[in-house]
């Protein structure tokens, strides 16, 4: 049977559609030419064609085609037909021409694009059919968007003179689409259209044509595309001005001494920002011409004046000599105390007196003398034992235990003990007068090479100064401060959140030969797949810098952070201001919130307020709320609960239920209260809480029973069953008693450490050298579960010392020395004598 020629394209489209619908197979297609004799005006014409698009993260992209007239439209991607079931089709009729119109949409996923290997890019195009033939659309390329983290070139700090040109190079990270670059000056955007003195080159370098004093700032290169925004390290640019002399003044009148003078100042311009001072003198003196000089004989008044001036000068010189002598005497006394370290490292045990050096009679060891004075010193480096055995074995766990009293005696033959003076110098002093005076949030002390420890009670914040971290011969006053978030401006970008308190230790710039360990709590739920954690440090200019990206540590880094479930331990040789900041990588990232319910201890009115606090699950946040509630006269009415708050952008809701209407009436006008997501996630707002006000029907009502729910929308939640007597129920008051941390806020020398000094030294000397059988510091780290970053320990002169320091920071003051002794003894060292300490060594 003959078929009319005009029906062939339609039949071909129907057959092709039936084949795709039935088999779902993908095959190459041959596009037909227009049918001979057909009207070319009726070929499909595309109203919408697919365009190039980028896949961001894991979100699929949508491609759209629309053609008229069209009886069929199919997508072809990388030469293969897309299955019909993956097409979303809409048919309509063009209003003006009455021709059939078709619109087709498909989704392309990241997995489909990633299946294409090699140099070929993933592309898709549409093929439309009509009764007159077929038409192809343009190709649309689908690319996966990304932006690397590391800049190929970052700007470097510069010091330039006034009116000199400045070029700050910046090569952004590799990315698709290519990153756009902008520059920040002290966090303000640099706009070349507003400042003709600056421009940005095609290579993204920032150029300042002529440096001005106002150009002194921190410059940051920012790269961004549709995926992310990256910041380079800030580069400090200092524009300095060298000083120049002003013109000489006129000569002064001729004086009685037949001289006159003229002066000038280093003010044309004055040196700025570290510029060089003017060279030469600012005063010029010359003899006067003889006829201008007036000669007069010195009278009795002048002689008396000269004698008085000479007497004053002599007195000042004598006073200066006395002060120098007193200073040298004190310094000599302190050096004699510190120079013979056996007095300190032997635990102040008595040995025979003899001069230690022929040329220095001040260096003496100590001999027992029952007739002399005795000075007590808190702590010891070596435990004493009154039994007949002269040796201690480390393999017995109790040998690492401290003495009950922890006190040892130092015998000295002088009436005024040098040790007493030395210990008094190492005690805490009221020294840092310029620091915040909040006594509960600050501690400070004086330390030398023996080390020590600073603690802010009931906050989980401490600073461990290991032995030999301070150079011998140096004495530092060191402080430790907890800051309120509103007092310190910590900029948080994007989804970043503060996970720890903001803590300062200082003074900055002191020389340390070993890393100190800063311990502080955090409220993040550690998960490498959910969090990007960064340690931030404030620079001397006031800006915050990322000094460590957890999980990307390198042995050469100056910092290391041991992250645990609720605390972090920061190794640093540079003191300063630190904070732990997290950036959520997925909605699974969660912060721990502690929920606390408070109510008045005494209620004299009919109204009764229940305050629900939602705070970071850290000791310092708990301490602040407890102190606040003590001032308000509040009491805890339920045991605290922990809620996991996720980065889902959903708010926190609180509601109260099952209030007995015959006894109480709720004054809440809505069914629930909310705390906005960003108020919690930001982490810088304190005392976040909601108040539920209940009213007693009768003044005699004292029993309260209800339920209180706290939950994140589409997330975790907690419920409290409240059932207590508001006048006499205090069973939860004991939960408010803050744990008293052992010792004082500042511990100096041996009393700051659990491990006796000589035993510590023997462990270090035994485990530092590599051992073929594995009985070295690596095995000790594994036994103590400190093997997450062995390369950091290996980069230090004594890896064992780093491990023991971290153990001290984690376990003070309640560490189990028996477990440590068992771990060391279980290494199987062949020479047990390495862990033996004799009375002579003590």
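Any Cβ shown, glycine's included, is placed from N, Cα and C.
Quantities reported herein were computed from a predicted structural model and do not represent experimental measurements.
Per Swiss-Prot, the feature disulfide bond maps to 65-126 (among others). Around residue 126 (disulfide bond), a 10 Å sphere centred on its CB holds 28 further CB atoms from the protein chains shown. DSSP assigns residue 126 (disulfide bond) to a strand segment in the three-state reduction.
The disulfide bond feature in Swiss-Prot is assigned to 77-124 (among others); the stated evidence is a large-scale study or a structure entry. Neighbour list (residue 124 (disulfide bond), Cβ cut-off 8 Å, at least 6 residues apart, same chain): 50, 63, 75, 76, 77, 78, 82, 106, 108, 139, 140, 142.
In sequence order, 151, 154, 155, 168, 170, 172, 181, 183, 204, 206, 231, 232 constitute the residues six or more apart from residue 221 (disulfide bond) in its chain with CB-CB distances below 8 Å. Feature annotation from Swiss-Prot assigns disulfide bond to 170-221 (among others).
Around the Cβ of residue 254 (disulfide bond), a 10 Å sphere holds 18 further Cβ atoms from the protein chains shown. Sequence annotations record features per position, and here Swiss-Prot assigns disulfide bond to 254-288 (among others) based on a large-scale study or a structure entry.
Residue 258 (disulfide bond) falls outside any helix or strand according to DSSP and counts as coil. Residues or ranges marked as disulfide bond in Swiss-Prot (evidence: a large-scale study or a structure entry): 258-293 (among others).
In the shown protein chains, 18 other C-beta atoms lie within 10 A of the C-beta of residue 278 (disulfide bond). Residues annotated as disulfide bond in Swiss-Prot, with a large-scale study or a structure entry given as evidence: 266-278 (among others).
In the predicted model, the domain 'Ig-like' (44-141) has a mean pLDDT of 89. Taken from Swiss-Prot, the feature domain 'Ig-like' covers 44-141.
Residues annotated as domain 'Ig-like C2-type' in Swiss-Prot: 155-234.
If you look up Swiss-Prot, you'll see 242-294 marked as domain 'TSP type-1', on the strength of sequence analysis.
For 441-584, the entry in Swiss-Prot reads domain 'ZU5'.
The feature domain 'Death' is assigned by Swiss-Prot to 761-841.
DSSP gives residue 107 (N-linked glycosylation site) a strand state. Neighbour count (other Cβ atoms within 10 Å of the Cβ, all protein chains): 12 for residue 107 (N-linked glycosylation site). Per Swiss-Prot, N-linked glycosylation site is recorded for 107 (among others), and the stated evidence type is sequence analysis.
Among the features that Swiss-Prot reports, N-linked glycosylation site is placed at 218 (among others). Long-range Cβ neighbours of residue 218 (N-linked glycosylation site) (same chain, at least 6 residues apart, Cβ-Cβ under 8 Å): 185, 186, 234, 235, 236, 237, 541, 543.
Look at Swiss-Prot and you will find 287 (among others) tagged as N-linked glycosylation site, backed by sequence analysis. Around the Cβ of residue 287 (N-linked glycosylation site), 11 further Cβ atoms fall within 10 Å across all displayed protein chains.
The region 'Interaction with DCC' annotation in Swiss-Prot covers 605-623. Panel annotation: around the region 'Interaction with DCC' (605-623), residues 440, 456, 458-461, 482, 499-501, 520-523, 566, 591-599, 629, 634, 637, 642-643, 652, 654, 656, 664, 667, 675, 680, 683, 686-696, 699, 704, 708, 710, 722, 726, 738 of the same chain, lying at least six beyond its termini, place a Cβ under 8 Å from a Cβ of the stretch.
Positions annotated as topological domain 'Extracellular' by Swiss-Prot: 26-306.
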- Query: Do at least three CB pairs under 8 A connect the domain 'Ig-like' (44-141) and the domain 'ZU5' (441-584), leaving out pairs fewer than 6 apart in sequence?
  - Reply: no
- Item | Listed disulfide-bonded residues (65, 258), ranked by Cβ neighbours within 10 Å, top entry | 65
- Message: So among 65, 107, 258, 278, all listed as recorded positions, which is physically nearest to residue 287 (N-linked glycosylation site)? Use the C-alpha atoms.
- Response: 258
- Looking at the recorded positions 65, 107, 126, 258, 278, whose Cα is closest in space to that of residue 288 (disulfide bond)? 258
- Query: About how far apart, in whole Å, are the alpha carbons (Cα) of residue 126 (disulfide bond) and residue 266 (disulfide bond)?
  - Reply: 78
- Can you check what DSSP calls residue 287 (N-linked glycosylation site), collapsed to helix, strand or coil? strand
- Task: Have a look at the recorded positions 65, 107, 254, 258 and say which one has the shortest Cα distance to residue 266 (disulfide bond).
- Result: 254
